[in-house]
Amino acid sequence: MPSAPRKQSKTYKVPRRPFESARLDAELKLAGEYGLRNKHEIWRVALTLSKIRRAARELLTLDEKDPKRLFEGNAIIRRLVRLGILDETRMKLDYVLALRIEDFLERRLQTQVFKLGLAKSIHHARVLIFQRHIRVGKQIVNVPSFVVRLDTQKHIDFALSSPYGGGRPGRCKRKRLRSQEGGEGEEAEEE
């Protein structure tokens with residue numbers, strides 16, 4: 001346990017109305033499109049987005065030349081640009097308010113693996129990540145919700161230890177190869 005205890009807080013916020021049909025349909029569509037396992041993953045992103053938008057709204061109430069607005073506003077924008085959520089052509093606080101949940105879901109490792117063509121489907125991408133077949137740079141990442149930065153996006157690849165990345169073949173393939181070698185040996189003995 002760390003020496004300084006931290007205050008734990010919830011990472012997601014449940015909707016105020018649990019059975020609002022329009023929201024339920026929208027969440028189901030998002031979960032299917034981005035291969036999410038449950039609604040908590042959507043709510044977690046929604047909470048992150050709401051915190052960022054709340055900070056941007058508070059900063060927009062200040063005067064344009066206010067040093068706090070300039071400093072904190074630039075920090076928020078720089079962070080979003082580095083993550084690839086905000087485009088470099090739209091580096092203003094007004095554009096931060098226009099962000100959507102989809103902008104954050106696009107930057108997940110699961111989505112990026114599928115978009116790069118390393119996986120056959122978005123669900124296959126999730127399985128590949130969980131089974132430690134994907135690396136970002138030199139680091140194997142097994143968290144589908146890992147947020148990929150712009151500079152590390154080009155380093156997403158199969159892990160060197162993975163059968164997909166030229167590593168040792170999988171258990172079934174090794175068994176098949178062994179049985180083929182054994183079958184060839186028996187044929188030679190019969191002749």
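One-based numbering along the chain as shown.
Cβ coordinates are placed from backbone N, Cα and C, and glycine is handled just like the others.
Quick look at what Swiss-Prot annotates:
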DOMAIN    107-181  domain 'S4 RNA-binding'
MOD_RES   Ser50  phosphoserine
MOD_RES   Ser161  phosphoserine
MOD_RES   Tyr164  phosphotyrosine
MOD_RES   Ser179  phosphoserine
REGION    166-191  region 'Disordered'
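Tyr164 (phosphotyrosine) is surrounded by 15 other CB atoms, counting those within 10 A of its CB over all protein chains shown. Broken down with DSSP, the domain 'S4 RNA-binding' (107-181) shows 33 helix, 10 strand, 32 coil. Annotated pair Ser179 (phosphoserine) and Ser50 (phosphoserine), C-alpha to C-alpha distance, rounded: 57 Å. Around the Cβ of Ser50 (phosphoserine), the same chain contributes Lys13, each under 8 angstroms and 6 or more positions distant in sequence. Ranking the modified residues Ser161, Ser179 by how many Cβ atoms sit within 10 Å of each one's Cβ puts Ser161 at the top. Model confidence over the domain 'S4 RNA-binding' (107-181) is summarised by a mean pLDDT of 95.
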